[in-house]
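Trainee: One structure, pasted below without further comment.
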Amino acid sequence: MAISIHIPQITPLTLFYFLLLSSPTSSTLAINITALLSSFPDLASFASLISSTTISADVFQRTSVTLLAVPNSYLSSTSDLLTRHHLSPTNLPDVLRYHVLLQYLTWSDLHQIPPSGTLVTTLFQTTGRATSNSGSVNITFNPSNGVVSIHSPGPYSSPSQSSNATVLSLIKTLPYNITIFTVDSLLIPYNFDLTASDTRPPLGLNITKALIDGHNFNVAASMLSASGVVQEFEADEGGAGITLFVPTDEAFADLPSTVKLQSLPADKKAVVLKFHVLHSYYPLGSLESIVNPVQPTLATEAIGAGRFTLNISRVNGSVAIDSGIVQGSVTQTVFDQNPVAIFGVSKVLLPKEIFSKNPAMKPGNTGTPITQAQPPDMSLSPENPPELNGRPSHLSSPPGFREEIGSGSPAIDGGVRSSLLALCCIGLYLVV
């Protein structure tokens, strides 16, 4: 007895749409808050404060944030603002970082917060200058009147030391990337030392000398001195500071013989050195509790967003640093005085963008072990790293965003192949 099976008819157009929707996409967008705020004249004063600092560049490297913006009518002129809050131009940037929450929050999220509140980490916490949880805000929701309030987490016994604001409205949201709310007051972190930035003398640390004094970093000191990038590092000691991960002499000795680090051209060797530096001051405690594990490096700033990043995590009680093809750990603190932290690390951090084609970096070899490393999305070699040979081109993207480098990625190629497959199917259908 034959069994009849009904197969629904699939039209060419249906098949085409299916293939388009199933095409892989992996473009990552970086946030440009200056461009986003420029669309709102009522936030012009707040946008001007942001643009006068490096905060826009800090946020540019992140993918999910909530910005608390203060409208013009609630914000005094800059001079009055500094006087009223006893601020100085040097510590104002940290106050503004306190308005960048490191989570993407919607109205719905805010209305689900319990009356007791919830702590949310801000960009200020990542600088290493926030004590305890003073780099967080406490958000509360009152279900009786629908008011969402934001407080610095000071003790209730000292309300004069606590800063409060009420959320006014939602003015912009780009799902899963950024939300911008307006608030009725500038927020000041609890226990914020208003004079710390004023009285802190310029450090002027001689990084090369500090490494030589460490007695186990002679190779790194020699490379930094010869490359000339150490002067750039020392120039970055101001502002948000810097954090250096310096391989020990043993780490350089353990490099596989096929890794010709010293034979790289000067520009690529400089990128490798910059790959070991974060453009913010992180003491060891901050590294151990870092909120965003994927951190841009000075090489990221030189090449472009999304490339040459380090993944920082806590593994077996130690701070682990993953380059994508090799994982090292912090072995010692060489120097730690705000705004500079220097840590010794057990491995030379080889960026996957340059070394992923080296046979010693592949699984199954006896070279540097691959630990918790993700396969690179774009293989580069010392002979042909496109980011180093010229400025990368960018596709057009929504206002306030920039398309991440890698427009020729496999995801896009896969979409083209799917479209061609769909056209072939349509042709076969018409012939039949």
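For all residues, glycine too, the Cβ spot is worked out from N, Cα and C.
From TrEMBL, for reference:
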| type | residues | note |
| --- | --- | --- |
| COMPBIAS | 365-374 | compositional bias 'Polar residues' |
| DOMAIN | 30-174 | domain 'FAS1' |
| DOMAIN | 204-349 | domain 'FAS1' |
| REGION | 359-408 | region 'Disordered' |
| SIGNAL | 1-30 | signal peptide |
Trainee: May I have the DSSP-based helix, strand and coil counts for the residues of the domain 'FAS1' (204-349)?
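Mentor: With helix first, then strand, then coil, the domain 'FAS1' (204-349) has 52 helix, 40 strand, 54 coil.
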Trainee: Would you mind giving the whole-number mean pLDDT across the domain 'FAS1' (30-174)?
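Mentor: Average per-residue pLDDT within the domain 'FAS1' (30-174): 82.
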Trainee: Helix, strand, coil: count each for the residues of the domain 'FAS1' (30-174), based on DSSP.
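Mentor: For that range the per-state counts are 51 helix, 37 strand, 57 coil.
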